[in-house]
């Protein structure tokens, strides 16, 4: 508003000065507004970067560590001490760029894969060279090409074996790479030069891996195991938050139960549903990590996978409950059986609040790594409330029976509503992707029939 | 059995020949059994490989394609035509190994990232070299190291920006790699040599990328878009299979509804729940792919993400329904209100079978890419059954109200049961990881108190 007023007054001042000055001013204003837009974009981008850094300050540490490791490896090249290394130093640089990962476990596994892959391919490659050498001349080149084709195909296929893919995928890529380089180079080199080349390459890769491990282990180490542990505790907290929200907003004494749709607590469990991929990769990396902090030798990493699967299964029930509660509140039916309803409502409040407390206790157990306290009876209280509710219902057998089939029917009708959504989504895909339209084809043939008639 | 008999008879024959012959025979038997075990292991491994190949024969094609591309690139080195290339050919080999991916989209995106990253880093690197050159001597080395540290840190940090991570992660890795190589080499090379080096490197990388694109596009191409399309249709089929199973096994006329726990149809939706990671990566790659087959320019790839999200939400309700049905059948309550129960059961059968039919229709629509047929009224039939069920219930307001709160309570008590499982899992984690035990600490302090008393 203020800037608009200023613009107006400045153009009023310039009315008598003719078109030239006005044009100058206009251009200046345009430049100002362009500069303002640029400033806004830069500020916005800086804010975004700041948020990424604040969300997880270890990202900044990791970036600086990569810079540090590369500078360290380049020092090897600058110093006269390593002048003899010459061209092969680039392998140390490539190793650092490719092996440095966010967590210690990932860096360790990639470093080990790189060393293993290089060693295996070096041995096989020199063997292939010696065999091909027996043929000599053109035969050698053809035989080497055949070997390369076979080895690369076999190694690529082995990457589809689940066990290899999980642990040695990068080692296989490095095997193919090194084997190609050895066979390709071996055509022009002496066997003696070749072995020296292989030796230099392995040494530089070892130096690169050593620098990576030094930086990743001793400069602000980031452990996959700790991330995994934190993820497990965070998942338990998310589940607790949902139940706390349900307890206070739906079953509380003064809860209105209206406009639940936008509430944050009804969304909080969704992060748990999508945590599987992150969890799996963290478990793979955590297994490579040495003893550190609270994590001893043979820490039961697979147990986190089981816990995560149970948490995700729990979120499925929460999802069904959340969508049911939202639809229920929309229906707005009057209170018809207030005594029973109040009773069940109190049971629900007890179940959700005690379950939430139990989950908070479990999350604290995981976070502090202090064994489960035997005085925490929240789970048994919640279980008792659930079984009491069932026992009470089972007194009225007819009602229980009706409720059971009604629950099944109600869940099914929920599914039907979701399938309506799926149908709409598929139809809009068909429209956007311009699927062939059977109705059009039919109406066209109708037109033909009409004309013929 | 047969081999055991043979072993017995052969040792009976050898009783009189003394210890030596018996030992020989024993060793032979041991060798035989070792050979047998080895044979079994080899056969088992071959069977596993065969299964991997049969599950998706394109895996074999991809492996052979990698072999082909590498052989093609090595031919560049063998032929006298490219003798002038010398050492730089290794860049073409590295490019082929790193860029060749399973699908066309992935190969294209990695190839483009590699070219972009190399070009950008080459330009920035030569600029940094020119600036550092002004200082000369030791100053140059220090300035280059500082530049390297800053550029590597900044580029690594940029990989945490979600948009960069999704599309240009590999380009950033290549930027860091090339920039390091240029700065490290530039200390010892002339500027003229450096530019020639950069030129050679870019040319060889272009040749490598060209060979990859040729192989991936023209030799048995594997499209991420087709995989994504197939995944969407397969998800719809999985949902349909679950509902068909429910319709026939739970609500059918002669269905016994017993021992549902191990049934396959109750597990089939679980693959849909875990399809998110695969779907996301396929969408990213599909966006890079050129027009092919049934997929035109600007195919609505994001629509698949929406459809997938809806399918996964539907599986949450299915999960709740499945676990409820399994618990329900275990409870074995008698039929108390047979008229209403039969009615609801018939409604459930109608809902599940019509929904399943609708889903099969949608999956056919996606598979054949033929627009939705307007005569397919299964969705509306299912929706009508669902709303009829609701209308019928709403006539008896008291019953409806009780059912609503009972459903909420029942879902909550399901959650409570799942939390019991989570508690057990956390406790076994605590036991296996030997968390500190508060009870022990307390009992120890009790002992101290007792002694003091």
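Glycine too: its Cβ is placed from the backbone N, Cα and C atoms.
For B:60-78 (among others), the entry in TrEMBL reads transmembrane segment. Within its own chain, the transmembrane segment (B:60-78) has Cβ neighbours under 8 Å at 53, 85, 89, 92-93, 96-97, 100, 102, 207-208, 211-212, 215-216, 219-220, 222, counting only residues six or more beyond its boundaries.
Feature annotation from TrEMBL assigns transmembrane segment to B:90-108 (among others).
Per TrEMBL, transmembrane segment is recorded for B:115-135 (among others). When Cβ-Cβ distances below 8 Å are used as the criterion, the transmembrane segment (B:115-135) is approached by residues 143-144, 147, 151, 168, 170-179, 181-183, 186, 191, 194-195, 198, 201-202, 205-206, 209 of the same chain, each at least six residues removed from its ends.
Residues or ranges marked as transmembrane segment in TrEMBL: B:141-161 (among others). With a threshold of 8 Å between CB atoms, the same-chain residues lying at least 6 positions outside the transmembrane segment (B:141-161) that come near it are 124, 128-129, 131-132, 135, 169, 172-173, 175-176, 179-180, 183-184, 186-187.
Annotation comment: TrEMBL describes B:168-187 (among others) as transmembrane segment.
Residues annotated as transmembrane segment in TrEMBL: B:202-224 (among others). Under 8 Å from some Cβ of the transmembrane segment (B:202-224) lie the Cβ atoms of residues 58, 61-62, 65, 68-69, 72-73, 76, 85, 88-89, 91-96, 99-108, 111, 114-115, 118-119, 122, 282, 285-286, 289, 292-293, 295, all in the same chain and six or more residues away from its ends.
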Positions whose Cβ lies under 8 angstroms from the transmembrane segment (B:90-108), at least six residues beyond its ends: 58, 62, 65-66, 69-70, 73-74, 76, 114, 201, 204-205, 207-209, 211-213, 215-217, 221-225, 227, 282, 284-290, 292
